Amino acid sequence: MSLTYKPKMQHEDMQDLSSQIRFVAAEGKIWLGEQRMLVMQLSTLASFRREIISLIGVERAKGFFLRLGYQSGLMDAELARKLRPAMREEEVFLAGPQLYALKGMVKVRLLTMDIAIRDGRFNVEAEWIDSFEVDICRTELGLMNEPVCWTVLGYASGYGSAFMGRRIIFQETSCRGCGDDKCLIVGKTAEEWGDVSSFEAYFKSDPIVDERYELQTQVANLRNRLKQYDGQYYGIGHSPAYKRICETIDKAARGRVSVLLLGETGVGKEVIARSVHLRSERAEQPFVAVNCAAIPPDLIESELFGVDKGAYTGAVNARAGRFERANGGTIFLDEVIELTPRAQATLLRVLQEGELERVGGDRTRKVDVRLITATNENLEEAVKMGRFRADLFFRLNVFPVHIPPLRERVEDIPLLVEHFLRRHHKEYGKKTLGLSDRAMEACLHYQWPGNIRELENALERGVILTESNESINVESLFPGLATATEGDRLSSEGRLEEESGDSWFRQIIDQGVSLEDLEAGLMRTAMDRCGQNISQAARLLGLTRPAMAYRLKKLDPSLSVKAMGR
């Protein structure tokens, strides 16, 4: 299906776009959909542009602003598709020029537009009126020797590419910023342009930045290798709470003292246990992790301490237990409170004497193992209730370490998000744009009762539900969570007005609008928005086509359904 531009086809109503803007002054935030926005003086942007040009030169500055605009265009194309699902896909493209204007970037006057998504055809010509970048140059920086609308040009290329699903390139053929009468642009597929290698080079990361990043990456990798070799790997985090954990581990790691890790479920106790092992002199020896709650009570002794042949039915071969396999290294017993009384007694002997006997055997075996245990329950209460041996508790509780929950490590969430997204992108063979700003804010404010494990699961769900090159939204992470934010919004006249759940209804009543007039207005607006297509307008209002046609005929009895078209 193709679309050739005609003036009457331009989608004039942008209420669906402007309604996405929220000014939440109480929080100091402005939102466009799920992306956080800023209002900034043009003179500030002019100073920024001047500094960038003086710092890296005109050519590199041009590439920088083109890439900046390109990223913004990608996000706005995603927003346009979400807000206009009932319209023909080609007509959704017109949301791009409206978002240009809504952001104060430029007014767009489309001259020609011929789009065929299935055929990969894209030809657009337009005039840009009052570009903010032209104003910057004409009033602050002076005229230049080439077109200056770099950010807007990058935006158009990013928006067009995301919309078409293929590489679209816009070029500015004339520009008021270099003395021309008008700002004119032409957009075509990369193939139609021919050799555009010199222009496409602007969209590649700057070599200086790449080289610096590559060096930083190499240094970081070397540091990580040194840390792992020296046993200083702790996982992910830089919050004060996490740094305190690392300092505590440092003090205990080099000895052989028993460490008891305390904390809620999902806080990363096994990661901390591995950190203790890697930091110790036993780093080159085995690290064996056991979840005591996952082993049936009647098998826990044989699993931990081994079994001799014939000890019980089915024991046809002798088998070493986890303690013997960890000899010389470290064993980590998670959910240690789940040990049976007999297993607790055997564990106490191992700690006191450094020896054990396999189940069904009579031979004493020496073991040299460092013990790290963990629980999310209160062991002292378990001792009082008779569930856990007091003498064993005192042996385990020599060096207790409390691991804080994720809600007390909010600063670590962005790092953890980046880590888990990288992992799941690789696992599912896709690359999203990461979390939307609102989704990240939701993560920072959520209490995370399941801690890091719950965060990882939520991010995995987000990656699964989100298409490549789209942002992960709040709904994908937290199904059913309300995302609406009360605040001030833009009215149709461009003024800020307070909005809450029922403010729109109050406004209708205050203006004396009748139910009949309201229905008629909804019908007309839906039809205008959908290019007089009854089926699309019906979907927009949640009606069937016959119901929509009936209401339209009721609104205008002289109108025949056949004359109304589709």
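Note: Cβ is positioned from N, Cα and C throughout, glycine not excepted.
Taken from Swiss-Prot, the feature DNA-binding region covers 534-553, and the record attributes it to sequence analysis. Under the heading ATP binding site, Swiss-Prot lists 263-270, 326-335, citing sequence analysis as support. The annotation domain 'Sigma-54 factor interaction' is assigned in Swiss-Prot to 235-464 on the grounds of sequence analysis.
Here the binding-site residues are Asn327, Thr330; the one with the fewest Cβ atoms within 10 Å of its Cβ is Asn327. Its Cβ taken as reference, Gly263 (ATP binding site) is surrounded by 19 other Cβ atoms within 10 Å in the chains shown. Using a 10 Å Cβ-Cβ cutoff, Leu333 (ATP binding site) registers 25 neighbours. In three-state terms derived from DSSP, Thr330 (ATP binding site) belongs to an extended strand segment. A helical conformation is recorded for Lys269 (ATP binding site) in the three-state DSSP classification. When DSSP labels each residue, the DNA-binding region (534-553) comes out as 17 helix, 0 strand, 3 coil, counted as helix, strand and coil in that order. Of the listed binding-site residues Gly266, Lys269, the Cβ environment within 10 Å is emptiest of other Cβ atoms at Gly266. The average pLDDT the prediction assigns to the domain 'Sigma-54 factor interaction' (235-464) is 89. Taken residue by residue with DSSP, Gly263 (ATP binding site) is part of neither helix nor strand, so it is coil.
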